[in-house]
Structures are given as structure tokens and as C-alpha cells.
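The feature domain 'Major facilitator superfamily (MFS) profile' is assigned by TrEMBL to 30-431. Sequence annotations record features per position, and here TrEMBL assigns transmembrane segment to 31-53, 73-92, 99-118, 124-149, 199-221, 252-278, 290-310, 317-336, 342-363, 375-397, 403-426.
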């Protein structure tokens, strides 16, 4: 260690900075930082489902068909078909996590303001532009949060942390479905028509300011940790090239397929669900929102608990497959029976939580850490392509065939998810990849790899 490094260490670890709460080397500091990382995505998720919570009101105030309404979700997804992958690469190669998170949170904030302004002035095209700008930042911000989680918690509590980030993000959606309709009803006392919708959406935009402020706070915290721990932004110092994508393993692409087909059966279902529950189960719009939102309420509670369970038990692939099969059962109950829909939605919330807690950490198991931003970006990009197409197709299906055919379509998506999950399981067993290992088995393999590396270094060239 040279004099400058000693000076940095002494400076950072003296006084308050030397306490367990302020020392980046201590677990207490990691858990203090955890709420900040989690809540960076809160505003984005809160505003994402604003159209879903106000579906009937938006369609009435702006005189929209279901197909036109679905564009509010499709045009969120379209930019991310490319920009999530580019955003992940920019995080790894150009901006770094800190600047990337601030930039993308800024896009989210500006996009929501434009979206709300379009409602106030009854300009649907401006609302679409706002959702497009919002989408530029939304998914890339999620990539930044996942990359933060990998950098701070890989090899420690990653499954639990990614589950918790999902919980807090989905809490944004839960709060949205709980408060947006009552907020709209209150605003409609003073405004009418499109203005009522626009003002409601503008007030909701306050949540995006929270995301922007927390991303700035995290900038300073992570910069200090980098200085104290003397680590590079990517954690390895290795060069990242976009051409590396072609060398990503088969299981990464299968995980991407699972991401696309599974979320295609969940998020569009939430988007179109209000009218489905009103028509089939004769609920009021407010009760339908509560029933839909229970998915996110359950994930708020279950995701970190299930994530901790996966940290303790391993077997990520089995958790993944089980959650997909449970979701098939839930959609089957909703489509083919008149059983109490709350049962299916609660079970779907558990399955949704388990899948996310099992799926996203597996990316860090099959992709080197310095390429994780790019990998997460690719998954987000392909996912958004799927969501954009499914939202558009869903609107057409509802207008022409009805909600029953839409449910059959969701079941087909889940069937593809089951096949991809089984492929991951067999491929992992064949390659000895360890995705379905227990923590003890993973630790043993890691020790063996380190021992092999040490032996290779000790052996002189022949």
C-alpha cells in the first residue's frame, strides 16, 4: 500500500466513518444503504401503472378505444426494445452506475410531466410522447438498480436483496392502485374531463422526484464506498465490448425467454384486468383495482422472505419452475371457473414474488459481474419488446374476441415459460453450471476453482 492509499484509508475510516454503520466493509452499512437502492425504483413503478388504475376514467375522459388505451403501455415498452440494452451497456462502459441512475431517473421524471400535460390539454399524442420518454428512463433505471444490487451484495444476500428491491418497487404499483382512483374522484370535484385525468397524473409525478433524489444520494454513497474499498466502477476492471453478447451462454437466453413470456402473462393482465373483473365477477372498478393490486401487496411481503429462503436453500431453478406452474393454475382458475378471484390473485402474487427472487440473481451466476449491466439490459430490452407486442395484441383481442380469448393467450405464454424453465434445468445439469445447487454445493465449487487457480499460478511454464 502506498502513501496515498494509506491517506485515503485513514481519512475514510476515522471518526464516524470508522463505525460499523459508516464503514462500507461492514454488513451494517450495506443494510443502511439497502433502502436507498430499493426506493430508487419506487417512483417509476408507481407511475407505470397509472393508466391501469384509471383505465375506465381515461377511456371515458379521452374517448379512447381499448386499442388506443393499450398504446399507453406499448409506447412505454417500444423505446426499451433497444434502449434497455444500450442503457445496460452505457452503465457498464460509459456512464457507470451512478451517473446512469441519475440520468435515467431524470427521464422518468420528465416523461411523467409530459404524460400528465397531455391529459390536462386533451392531447393524446402528447400523452403517448410522455410515455415514450418515461419508458426511455424506466427500464434502464431498473437495470441500474439491479447492477447496484449485484455490486453491493453479490456473494452475500443477493437473492434477498433483489427480492426486496422488487417488493419496494411493486409497493409503488400497490400504492398506485390504492390511491389513484380516490385521488381522481377528489380531483374531479374541481376539474372535469381530460383535465381531471391530467391533474391526477401530474400529482402522481411527485413520486418520480423521489426516485431522482435518491439516485443522487446513492451517487455520493457509492462514490465514497468505491474510494474506501478501492474498487473499480464495474468491480473487475475488465473491458466491456458489445460484441461479448454473442458469447453469452444458452442458459442466459433461456432465462431471457422466461422473463419475456412470464411477464407477458402478468403485466398486460394487470393492464387490462380492471374491466375483466368488473364484467366477469361483477366487481366495482375500485374493488377490481384492489383485487388486481393484491399481486403487488403480496410481493411486497413475500419477495424478500422468499428471496431469503432461496439464499438459504439454493435450488433457484426449482423455485422458478414451481412459481411458473402455480401461475398457470391461477390463470386457469380465472379463465375457466367462477371461483373467488381473490384466491387466484393472492396465489399469483406469491408465484410472481418467487419467480422474480429466483430469476434475476441467476443472471449474475451465468454472466461475469463486469457484464451484468449489459446482460440485465438485454433482458429488459427483449422483455419490453414482448410487452409492447402483447399489449397491442391484447387490445385487439379484447376489442374483437373478448377477455376469455385473452386469458387463453396468457396460458399459451405460460406454456412457453414452462418449456424454457425445463430447458434451463436440463442444460444446467448437463453443464454442471450450479444454478440449481444448494449454497453448500456452490461454496464447494467456488473453493475448488480457487484451488485450481492457485495451482496453475504455482506451476512454472514448461
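Cβ from N, Cα, C; glycine included.
So where do these features actually land, and what's packed around them?
For the transmembrane segment (73-92), the list of distant contacts is 48, 51, 100, 104, 128, 131-132, 134-136, 138-140, 143-144, 147, 234, 240, 242, 267-268, 271, 370-385, 387-388, 391-392: same-chain residues at least six beyond its ends, Cβ to Cβ under 8 Å.
Same-chain neighbours of the transmembrane segment (99-118): 40, 43-44, 47, 87, 90-91, 124-138, 140-141, 144-145, 148, 198-199, 201-202, 204-205, 208-209, 211-212, 214-216, 218-219, counting only residues six or more beyond its ends whose CB sits under 8 Å from a CB of the stretch.
Non-local neighbours of the transmembrane segment (290-310) in the same chain are 52, 157, 159-164, 166-168, 170-171, 173-174, 176-178, 266, 270, 273-274, 277, 283, 316, 319, 341-342, 345-346, 348-350, 352-354, 356-358, 361; each lies 6+ residues outside the stretch with a CB under 8 Å from one of its CB atoms.
Counting residues 6+ beyond its ends, the transmembrane segment (317-336) has Cβ neighbours under 8 Å at 258, 262, 265-266, 269, 306, 310, 343-345, 347-348, 350-355, 357-359, 362, 404, 407-408, 410-411, 414-415, 417-418, 421-422, 424-425, 428, 435-436 in the same chain.
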Report the listed stretch (31-53, 252-278, 375-397) having the maximum count of Cβ pairs within less than 8 Å of the transmembrane segment (199-221).
31-53
Are there residues at least 6 beyond the ends of the transmembrane segment (342-363) whose Cβ is under 8 Å from a Cβ of it, and what are they?
146, 158-160, 162-163, 166-167, 251-252, 255, 258-259, 262, 266, 291-292, 294-299, 302-304, 306-307, 310, 316-317, 319-320, 322-324, 326-327, 329-331, 333-334, 372, 375-376, 379, 435
For the transmembrane segment (252-278), could you work out the same-chain residues 6 or more beyond its ends whose Cβ comes under 8 Å from its Cβ atoms?
49, 51-53, 55-56, 66, 70, 73, 173, 284-285, 287-289, 291-292, 295, 320, 324, 327, 331, 341, 348, 352, 355, 359, 362-363, 366-367, 375, 378-379, 382-383, 385-387, 390-391, 394-395, 398, 403, 406, 410-411, 413-414, 416-417, 420-421, 423-424, 427
